[in-house]
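As structure tokens, the structure follows; a few thoughts come after it.
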Amino acid sequence: MTKLSLLPLLTLASAVLAKQDAFQAKCASFGRKIKLPNVHVNFVEYVPGGTNLTLPDNDVTCGASSQVVSADMCRVAMAVDTSKSSQITLEAWFPREYTGRFLSTGNGGLSGCIQYYDLAYTAGLGFATVGANNGHNGTSGKPFYQHPEVIEDFAYRSIHTGVVVGKQLTKMFYKEGFDKSYYLGCSTGGRQGFKSIQKYPNDFDGVVAGAPAFNFVNLISWSIHFYSITGSNTSDTYLSPESWKVVHDEIVRQCDEIDGAKDGIIEDTDLCQPVIETIICKPGASDKTNCITGAQAKTVRNVLSPFYGVNGTLLYPRMQPGSELFASSVVYNGQPFRYSTDWYRYVVYNNPDWDATKWTVEDAAVALAQNPYNIQTWDADISSFQKAGGKVLTYHGMQDQLISSDNSKLYYARVAEEMGLGPEELDDFYRFFPVSGMAHCTGGDGAYGIGNGLRTYNGAEPENNVLMAMVQWVEKGIAPEFIRGAKFSNGVGSSVEYTRKHCRYPRRNVYKGPGNYSDENAWECV
């Protein structure tokens, strides 16, 4: 190759390098330009793609000391005052390969943890992305104690503040600003997405809200009420994880083939009404490893029953069958659920010594009457969001061990009734996808890889990625008829055993054939 023929390549390389240098230079000087009310910049740094970013200030309970980032980006870390006695920690990640889209991430549990994995995921897809710590640090509810401003941040203010500041910074950093704004969150993040829809309908064009923790106060009470059913691990009513496996296997035996295929996955839990008495140990049985006692059978029946309040009002629907193996270690483990204990101690009763083992349904009434800052997130009239042109795509794993997928079905029904809209009308702006074989936000026995985060990624194509499906809906008007999930052989990044199209509610998946259950085209939404 002659020197002359090298010139175009050198020119191209120089242009690329200049673009990179210009981006780095813009990032280096950006902090000096930020002069927004109540915003205190901690640092601004350029982070090249491939960096394993260390997070020394991340609370140890958040469980993340580092995060690999895939895209070149400008990282802005700041604190934002939300009142005279409260503030949020906020980060904005601005990718060099920017698509003109703004996005806010959410949180989980009671946590004050920036979800760096979601920042990395969405920045890698070209979104200008923000994430906040919800107004406190760590996963404990203790920061709520005698600090109503912190509770208010957690209830709604952290997300909205991050959106307002994040949009301003995005317009400052990119001369083109942004065209559309999105939200991605699951669990508490799902609740935050719906809170934005209900309270700030103009914040987002598209909201992807998974396994939403709305009906929040009753969810807190429902989660702790399992202890009153199971008792401690020395109680006759307690089931060990091994016993729960016996229960789970029997539920799958009874309900698996209702959808037409024997694949270990329950496609529609509404049709599953298991009879647990079938596995009560026979009198005098010497081998009790594959059966349970009558007292334990009553426990299972109560666990799989709706949760009612003191006056007989439904507070929370049943735990959906099929989640037993995942739930046995977190809510059926013979201890009061930790997040619920914290909420009652530090919010409801302002008493760090409150004894969670003494909880009764009367306590649920006290908590619901309190409902600070309407954290319930249970408003069924979302017409303002509809009128603003917003779209919401919500999904919920039907093996969810922490938040019953039946609660998402209940909210869907409440919206339909409150707004007087049937499924066809709701489909214009609100689509709900139950995901068979998916546990809480990720994991599970089935095709849970829907692209709602790094741990479920199976490609960026809209048909394989729930976030990009939302982008296509907002920007091209192509609404998702299904969301495709991938069944991984050994977690994300491993081989895909099969894919399945998860149906839009209220449709359900039925195996029609021909072909194996692993063929997604052998299934039909009816």
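Keep in mind that glycine also has a Cβ here, set from the backbone N, Cα and C atoms.
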Cross-link partner of Cys113 (disulfide, per Swiss-Prot) out of Cys62, Cys74: Cys62
Candidate in Cys255, Cys291 joined to Cys272 through a disulfide, as Swiss-Prot lists it: Cys255
Cys74, Cys113, Cys281, Asp400, Asn516, Cys525 filtered to the recorded positions whose C-alpha is within 10 Å of Ala261 (Ca(2+) binding site): Asn516
Other CB atoms within 10 A, centred on Asn137 (N-linked glycosylation site): 19
Which listed residue (Cys186, Cys281) has most other Cβ within 10 Å, given these are disulfide-bonded residues: Cys186
Cβ packing number for Cys272 (disulfide bond), 10 Å threshold: 20
Chain-internal residues near Cys27 (disulfide bond), provided their CB is under 8 angstroms and they sit 6+ positions away: Val44, Glu45, Tyr46, Cys74, Phe94
C-alpha spacing of Cys255 (disulfide bond) relative to Cys291 (disulfide bond), in angstrom: 18
Protein Cβ atoms within 10 Å of Asp259 (Ca(2+) binding site), excluding its own: 21
For the Ca(2+) site built from Asp256, Asp259, Ala261, Asp263, Ile265, further residues of that chain with CB within 8 A of the site's CB center: Glu257, Gly260, Lys262, Gly264, Ile266, Glu267, Tyr511, Tyr517
